[in-house]
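Peer 1: Just lifted these from TrEMBL, have a look:
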{"type": "DOMAIN", "residues": "5-186", "note": "domain 'Thymidylate kinase-like'"}
{"type": "BINDING", "residues": "7, 8, 9, 10, 11, 12, 13, 14", "note": "ATP binding site"}
Ligand SMILES: Nc1ncnc2c1ncn2[C@@H]1O[C@H](COP(=O)(O)OP(=O)(O)O)[C@@H](O)[C@H]1O
Ligand SMILES: Cc1cn([C@H]2C[C@H](O)[C@@H](COP(=O)(O)OP(=O)(O)O)O2)c(=O)[nH]c1=O
């Protein structure tokens, strides 16, 4: 089963993801951007305020393609539980917003375009847990270490996540990320246990 954690920077994804290691010691824990050289290229682009939005989309997407073939597909073939800190929805929401901010880069609907780019080759998660947080709190928690971590930008990313939740209500489960860390972890663990058919 493929489970993904999504949300704005600072929503607490990594905190939850790390805590889940102890509860699911046999699961495959992974993340995007990955730690491959494709992931390194992505981080170079994140640091570059002048990066071309379309070029950046394809760097992230290259990292995702490699992630699929190197980690995700083999793990799912073994029937492992895979828990990924960010996945395709991050691209739909973030690069959708970046492209929109660049006047759509000639695209009528950037979010739909990014979804379409993924459709032929990507694997849809079975469950996506969305840690929902307002952009101001998210930006404050994350600090402003890169260009993505600004509240105004995060507000448009959040709008895109809302669109994704609306179009796919069966896959997404929303968790209130304004709660204290322990409560966010428990809520996430409950959703996961439910999906795995575990009694808690
Ligand atoms: N529920 C929470 N309430 C308050 N602060 C939190 C919460 N979850 C995480 N944090 C803090 O916010 C910052 C970002 O958390 P992190 O888990 O790295 O978020 P993300 O991976 O979504 O960017 C860290 O300093 C972390 O300790
Ligand atoms: C995976 C992914 C991340 N991002 C952004 C979100 C983050 O601002 C940045 C780095 O991701 P990440 O290291 O997960 O940051 P954080 O832990 O703060 O959430 O890359 C995209 O814009 N598109 C993507 O497809």
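Keep in mind that glycine also has a Cβ here, set from the backbone N, Cα and C atoms.
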Peer 1: Sorted by position, what residues of the same chain at least six away from residue 11 (ATP binding site) have a C-beta under 8 A from it?
Peer 2: 131, 132, 133, 138, 141, 177
Peer 1: Quick check: with 7, 8, 9, 10, 11, 12, 13, 14 left out, which same-chain residues have Cβ atoms within 8 Å of the centroid of the ATP site Cβ atoms?
Peer 2: 131, 133, 138, 141, 142, 177
Peer 1: Of 7, 8, 9, 12, 14, which binding-site residues come close to ligand 2, meaning Cβ under 6 Å from one of its atoms?
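Peer 2: So the answer is 9, 14.
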Peer 1: When the pLDDT values for the domain 'Thymidylate kinase-like' (5-186) are averaged, what is the result?
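Peer 2: Its mean pLDDT is 95.
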Peer 1: Cβ under 6 Å from ligand 1: which of the binding-site residues 8, 11, 12 qualify?
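Peer 2: Listed by sequence, the hits are 11, 12.
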Peer 1: If I restrict to non-local contacts, at least six residues apart, and a C-beta distance under 8 angstroms, what lies near residue 7 (ATP binding site) in its own chain?
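Peer 2: Counting only residues 6 or more apart in sequence, the Cβ neighbours of residue 7 (ATP binding site) under 8 Å are 13, 130, 131, 132, 133, 138, 161, 177.
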Peer 1: At 10 angstroms around each C-beta, which of the binding-site residues 10, 12 has the fewest other C-beta atoms nearby?
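Peer 2: Looking at the binding-site residues 10, 12, the Cβ with the fewest others within 10 Å is that of 10.
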